[in-house]
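Taken straight from Swiss-Prot:
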type: MOTIF; residues: 58-68; note: motif ''HIGH' region'
type: BINDING; residues: E564; note: L-isoleucyl-5'-AMP binding site
type: MOTIF; residues: 605-609; note: motif ''KMSKS' region'
type: BINDING; residues: K608; note: ATP binding site
type: BINDING; residues: C903, C906, C923, C926; note: Zn(2+) binding site
Amino acid sequence: MSDYKFTLNLPETEFPMRGNLANREPEMLERWTKDGLYQQIRDSRIGRTPFILHDGPPYANGSIHIGHSVNKILKDIIVKSKTMSGFDAPYVPGWDCHGLPIELKVEQKVGKPGQKISAAEFREECRKYAAEQVDGQRADFIRLGVLGDWQKPYLTMDFATEANIVRSLSKVIENGHLHKGVKPVHWCTDCGSALAEAEVEYEDKTSPAIDVAFTATDSKAVAAQFGVSDYSHPVAMVIWTTTPWTLPANRALSISPELDYSLVEFAKEGATHAVILADVLVEACMTRYGAESHNVLGKVKGAALELVRFKHPFLAFDVPAILGDHVTTDAGTGVVHTAPGHGQDDFVVGQKYGLEVANPVGDNGVYKPDTEFFAGQHVFKANDNVVALLKEKGALLHHVAYRHSYPHCWRHKTPIIFRATPQWFISMDNQNLRKQALSEIEQTQWIPDWGQSRIEKMVENRPDWCISRQRTWGVPITLFVHRETEELHPDSVSLMARVANRIEQEGIQAWWDLDAAELLGEEAEQYRKVTDTLDVWYDSGSTFASVVGARPEFHGHGVDLYLEGSDQHRGWFMSSLMISTAMTGKAPYKQVLTHGFTVDGKGRKMSKSIGNVIAPQQVTNKLGADILRLWVAATDYSGEMTVSDEILNRSADAYRRIRNTARFLLANLNGFDPAKDLVAVEDMVALDRWAVRRAAALQQEIIEAYEQYNFHIVTQKLMQFCSVELGSFYLDIIKDRQYTAKQEGHARRSCQSALFHIAEAMVRWIAPILSFTADEVWQLLPGQRNAYVFTQEWYQDLQSITLDTDLSDAYWENLLTVRNEVNKVIEQARRDKRIGGSLEAEVTLFADAALTEQLTHIGDELRFVLLTSEAKVLPLADATSDAVETELASLKLVVNATTAEKCERCWHHREEVGKIEAHPTLCHRCVTNIEGDGEVRLFA
């Protein structure tokens, strides 16, 4: 064999079998940075149609987690695939840099502003801290292979962005959407600030659930309304609440106008009580109160009790019964304790009746000094004291510890309160913002489509947006209000423009350093500067204007796509929609795509306490970023995304199949120069033409899947192609031709041309997902080419040609089915030790007329398809008794060990081996390939 092995076309490539991604990827990143790859991509798309994916900014605090990785990788796949489709798709990553979490971190280092450090110095420390966090996260995102303008990302703390945020607020004000009001807002007593809806989490909490009697000011008159005359016992209306601490702020009792209410007399421990309850809840209440007996004295509709007055159980005033649509009979008594300063529904119904918005609670959750009974007590600690006082006053009918879902601060994980405070709001209804936003939601494509109904419900039910915060590190609400009337300065919009210009030069500190007289002149003494800062959701929510609308690479083109986790319907998607609609009357996006959260193999959230956290840094250091990227792409992101070490190892296995396919392609393109060796598709061997045709069809399917953001379908089709159509069929068949045919002959060059087309296409298919591997393949492909695959478009030379004389795709699919049946019988013969490899087999196929016509069409080349040394086709009717039945009714098989000698060069067993005098160890085919013009292949 030593004489002939040099006549073989052995595969050869520098592309290693093992990716060694963890070590090699950083080297590639270094080259990408050095070569200015992102700018090369930008330059390659000048003048093309823009596609703008706007990056929702992660918060600049802490290391990135697996959820961040999912988000950034999905965005990167989209941007790269859109670029491959010819779009100008810039990607400018961003960070959210203001707000409480950064303040808390800085407080731990330097203390609270105004104590050991001035507010100005504190802001500067916050800016430094945020910049450090951005640097850390940026390095981790780059390591994932995400391409973008990492040198010039947008930061909400950039002076220009801070200024543009102020400018966007001035437009909201100009359009009449801002108002100031005393309203109940989510309030964290630990933060000392209002919270946005998106900053509220719900956790279980145990609270005292109490039934409290409010005695009528005129019991006899109330009883008469129920048809009971001259009633002698006190009559009380009963409320049920889980927030006893709000009772000092009670100003009414809400009932439903349509519900039936009963006057119930019941006996307990020798005393007679008369109470008003919703009729459907009477039995449940009597059981709860431990009534020994009870009797319904009369019923009326709730509407009949409107404005009847009842005494507050421990304060010296009385309150009215009022009608409210928010009253239900799901629990309690059918009567709702109403404190307009401590609840949204309470506030709304209170406005209708002109009730006082009482707020006896300070910023720190402690009752104010003038609060009777409870001054100086923290509200949650006062609950027990309220209960004790009610008991003392004889107003407590029942008391039990009650476990329920309760709002908590997302940062402190502590229970929050509803508290009326003077705040700045964007009104949902004054200028029809709610109606406009709902209309815009309908014009937007939501992926998955359930996102539309989700955000619609949120917009329909959301209160006015409280955009003010009482914090130090944030974009200031740059307003001047009159010291006496609290009215905005009439020139607020133009004043804000002047302030924004200063902030653009000096940052937000310019507002606090500003002497009002510089802008207001003699009016300065009549006005005061607002010291509140903006909700950070306003910062990020306005970036469609402050960033996309301002940076030159976006060309003034609107945003095409927002892509974030499914929690952002109430977060970034919502705030962006509100601000954009308030500013322009339009949504800021055309499409909104959401992905699910990451969970472990058992469906649990990632938690340090459970010990199931998968850190992206560990994955890239161990397996490589391309494995993480493949897992993201292969997972259906519309639901929860399951990740574990086992799942990532499965992704690594899948990756190896793709890598091995790429390696086979490259190794067999050794010595191929497309400039002179490329065979035209119409001149190819039929099987090669089929392979190119299949690749062309697959490319259309892959492009369509990318366009629809169905990346898991891309990976499924890619794996199917690599494993089945290529790996188990085409590549398996062509190995013999590739290795043994004449090096420059048509049979081999046809095959190499097909491999070249497939490799050129496939490197582009995988580039958005397996970016590092695609770059590695691209550098080793033969022929003249640009430096990077990422500047290319989808491969255009996959000509899907079918000649009149060609065998159809269905023909090759049938042949693949036959081949699989033959393989089963050969495998059994190997297990029976009748043969070694398949080339030691002679196979006889007994086939019906239709199948015989197909199998004989390619003549002697059938043996190359079946990977046997001999293949004979005989009529099915002639099947011998030892013929094996197959899953095809039209086919039976016999496999025998060949008696022919083995060709030393190609290992086929042929009768002529030993009969050729010049080459006694070779077959005719090999002699032709080393001395003649090379074998002729037409079909396979």
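Backbone N, Cα and C atoms are what each Cβ position is placed from, and that goes for glycine too.
The structure, with features from Swiss-Prot marked on it.
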residue	record	Cβ within 10 Å
E564	L-isoleucyl-5'-AMP binding site	20
K608	ATP binding site	7
C903	Zn(2+) binding site	25
C906	Zn(2+) binding site	22
C923	Zn(2+) binding site	28
C926	Zn(2+) binding site	26
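Distance between Cα atoms for E564 (L-isoleucyl-5'-AMP binding site) and C923 (Zn(2+) binding site): 64 Å, as a whole number. Reduced to three states, the DSSP call for C926 (Zn(2+) binding site) is helix. Within the same chain, residues 65-67, 597-599 sit at least 6 positions outside the motif ''KMSKS' region' (605-609) and bring their C-beta atoms closer than 8 Å to a C-beta of that stretch. In sequence order, T740, E904, R905, W907, H908, R910, V913, L922, H924, R925, V927 are the same-chain residues whose CB sits within 8 A of the CB centroid of C903, C906, C923, C926, the residues recorded for Zn(2+) being left out. The two recorded residues, C906 (Zn(2+) binding site) and K608 (ATP binding site), show a Cα separation of 59 Å.
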